[in-house]
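Asker: Quick paste of what Swiss-Prot says about this protein:
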type	residues	note
BINDING	Glu145, Asp177, His275, Glu311	Mg(2+) binding site
ACT_SITE	His147	active site, proton acceptor
Amino acid sequence: MTALALPRLGVTLYSFTPYYHAREYSFEDLIRIAGERDLGPGLEIVGYQSIKGFPKLPDGFVKDFRRRVDEAGLELSAMGANADAGIPHDRLLNEDELTEYMAHQLHTAKELGFPIVRVQHSVTPDLMERLLPLAEKLDLTMGMEIHSPHSVHHPKIQALVERYEKLGSPHLGFIPDWGASLTRLPPSALQTYAAADVPRELLDAYDRQWDVFHAEGVITTDAEQGAQFRRMRELNERFGGDDVSVRIGTNAVGLFGHQRPEDWSAIMPWVVHVHGKFYGIDENGEEPSVPHGLLLRQLVDAGYTGYISSEWEGWHWNTTDDPFEMVAWQHRLMRRIFGEIEAEAGVR
């Protein structure tokens, strides 16, 4: 049998946030190291995190950026745009202001050479439709990130599906974030907080409560999410927690989603990019909370050949492991699974 068409691997520089925030490495260093350590070929950046003054670009920046990407042997996969409607301190941006805010970022993405722009849920179906002519003119694809606590079942995402079906444009799509499809709380988070003297009884209570939420299924309203936050805060107080320990409870609600992996099939025709979110790799080379085998097989079965950006978010609590090595471990895991898929298909 001829070779299967497989997704391509890459990385988002967001995975290396601790190094960047600590100024251990510059933006330019991270591009170079991603190439040197074979963490590409796909390269994704978050505009506002990576470039001072974004979306304005300094003189000569584009030429220098493209040269560095080429020298690193990388390919531009996606640029993360922000859709922060709460920029003013006393109000939210209105739709005209948010349209202008997003349009500027689309122009910058084009100038930098990115084919795909990640957008966030503040961008409504109406706003996506308003931005579509510009995206088509610039030959850009806008991908709405589906990030925990949202899921393919959330009304905001369902409304976008309806609008996509109406508009029928290849310049509109979705970006699944695997953090929406966990099977358990990340063990590395529990271990880190235990080492920080968070009471074991509290961590066990969080773990059990997350399992209860998981059995109940995805949330579809802000009220449901608020109730889950309150429940975790109640546990924190009951078991003698503090401002540190409450973080894992809030993360359990906001970051670690309950969507069934197979449910991504509902939006698979519109998948234009993937955030390969992960939190840790165990001694067996597996990610214990994110079901990589199921997720990758689903992409292969759907014929998806775009990029998967490795996105290590364990840095929120894990300050000891090397982010570069963590991404390398995930790439090894994904390549191993691709090999298993090819073997099952009889590929030689």
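Placed from the backbone N, Cα and C atoms, the Cβ positions cover glycine too.
I'm curious about the neighbourhood of these features; can you describe it?
Answerer: The Cβ neighbour count for Asp177 (Mg(2+) binding site), using a 10 Å radius and every protein chain shown, is 22.
Its Cβ placed at the centre, His147 (active site, proton acceptor) has 21 other Cβ atoms within 10 Å.
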Asker: Please report the distance from the Cα of Asp177 (Mg(2+) binding site) to the Cα of His147 (active site, proton acceptor), rounded to the nearest angstrom.
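Answerer: Distance (Cα to Cα, whole Å): 5 Å.
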Asker: Enter the number of other CB atoms within 10 angstroms of the CB of Glu145 (Mg(2+) binding site).
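Answerer: Summing over all protein chains shown, Glu145 (Mg(2+) binding site) has 21 other Cβ atoms within 10 Å.
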Asker: Enter the number of other CB atoms within 10 angstroms of the CB of His275 (Mg(2+) binding site).
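Answerer: Cβ-Cβ neighbours of His275 (Mg(2+) binding site) within 10 Å number 27.
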Asker: Excluding near sequence neighbours, so keeping only residues 6 or more apart in the same chain, what lies with its CB under 8 A of Glu311 (Mg(2+) binding site)?
Answerer: Val11, Thr12, Tyr14, Ser15, Asp177, Trp178, His275, Gly276, Lys277, Phe278
